[in-house]
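K.L.:
Below is the structure I would like to discuss, written out as structure tokens.
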Amino acid sequence: MTDRYILAVESSCDETSVAILKNESTLLSNVIASQVESHKRFGGVVPEVASRHHVEVITTCFEDALQEAGISASDLSAVAVTYGPGLVGALLVGLAAAKAFAWANHLPLIPVNHMAGHLMAAREQKPLVYPLIALLVSGGHTELVYVPEPGDYHIIGETRDDAVGEAYDKVGRVMGLTYPAGREIDQLAHKGQDTYHFPRAMITEDHLEFSFSGLKSAFINLHHNAKQKGDELILEDLCASFQAAVLDILLAKTKKALSRYPAKMLVVAGGVAANQGLRDRLAQEITHIEVVIPKLRLCGDNAGMIALAAAIEYDKQHFANMSLNAKPSLAFDQFPDSFVIN
């Protein structure tokens, strides 16, 4: 059987990435050019700065990915690209590069939903068993997704306000931590205790929705009031208390989802899936079903996950034409206007 190679492009936020996937789940390369240092001084991602950085490095990422994989453009079977959700300017840079490369090399173009990429990153670790439930936790999204079969995604619960990763970064900024703050909060939390007892919004309610704005506000108010009064705050305990509230909410809603849907596997993915506290709680509390979490290198934004999701669409011959455009608010069940089924 002839090997299949998919080149994938990811540029939805502040990581420029190009990867090569061989067949179903073998990543030959996954080049990532991070912009974290450029955005640290702003305490978050500046869209215009992100777009300019993508333009500067994307050609080099293409070259490095092919070289690292040991193949040439003539060996490729298709080109995949993230077309949403994300920052519109950033998405357009990756789309333009992917479309130009596909057109120049007479290759089909596969449109990929960024969040489907996060979910399917788990395929690199082991074959997924369907139906499954996915908990997707990142800087821009917090979602529970039911996946009855490959490529069929149904959102069954999501945040009503802040995403969990966004909440981490905002409270991290209040504490003076470096952006992105999630890793540092996680590390500090392991040294502290849940002494501040922050609220767990909607944790006992029957639905599968999330809310983190109240938790974030409670944290910020406590911090500001203590500073105004000159009260001492223990940083490790602050982090432990915040993280305990977050994890209680995530675990409670995930358990409810697993009790309501006939899932054979739980996938936990997205940037926050790198959180060691979350991984520990999942291992301790969800033992009746297999839990799959991508390796750390595939938790953040990367083109490898886009390639892994694209492999499923390739099998279905789901390609787009060259009118494919960026969809910054793309939903899981939304397909591009240029969707072509061959």
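These residue numbers are counts, starting from 1, taken along the chain as shown.
Each Cβ is built from the backbone N, Cα and C atoms, and glycine gets one as well.
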K.L.:
Can you find which of Asp301, Asp315 Swiss-Prot lists as binding Fe cation at the same site as His114, His118?
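P.N.:
When Swiss-Prot describes the Fe cation site, the candidate it includes is Asp301.
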K.L.:
Looking at substrate binding as recorded in Swiss-Prot, which candidate out of Asn23, Asn30, Asn275, Asn302 goes with Leu136, Val137, Ser138, Gly139, Gly140, Asp169, Gly182, Asp186?
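P.N.:
Among Asn23, Asn30, Asn275, Asn302, only Asn275 appears alongside Leu136, Val137, Ser138, Gly139, Gly140, Asp169, Gly182, Asp186 as substrate-binding in Swiss-Prot.
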K.L.:
Let me know the DSSP-derived helix, strand or coil state of His118 (Fe cation binding site), please.
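P.N.:
Reduced to three states, the DSSP call for His118 (Fe cation binding site) is helix.
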K.L.:
Where's the emptiest Cβ shell within 10 Å among the binding-site residues His114, His118?
P.N.:
His114
K.L.:
Given the binding-site residues His114, His118, Asp301, find the one whose Cα is closest in space to the Cα of Leu136 (substrate binding site).
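P.N.:
That would be His118, nearest by Cα distance.
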K.L.:
Tell me which of the binding-site residues Gly140, Gly182 sits in the most Cβ-dense spot, judged by other Cβ atoms within 10 Å.
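P.N.:
When each Cβ's neighbours within 10 Å are tallied, Gly182 tops the list.
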K.L.:
Please find, for Leu136, Val137, Ser138, Gly139, Gly140, Asp169, Gly182, Asp186, Asn275 as listed binding substrate, the greatest distance between any two Cα atoms, in Å.
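P.N.:
Pairwise Cα check on Leu136, Val137, Ser138, Gly139, Gly140, Asp169, Gly182, Asp186, Asn275 gives a maximum of 18 Å.
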K.L.:
Measure from the Cα of Asp301 (Fe cation binding site) to the Cα of every one of the binding-site residues Ser138, Gly140, Asn275, then give the nearest.
P.N.:
Ser138
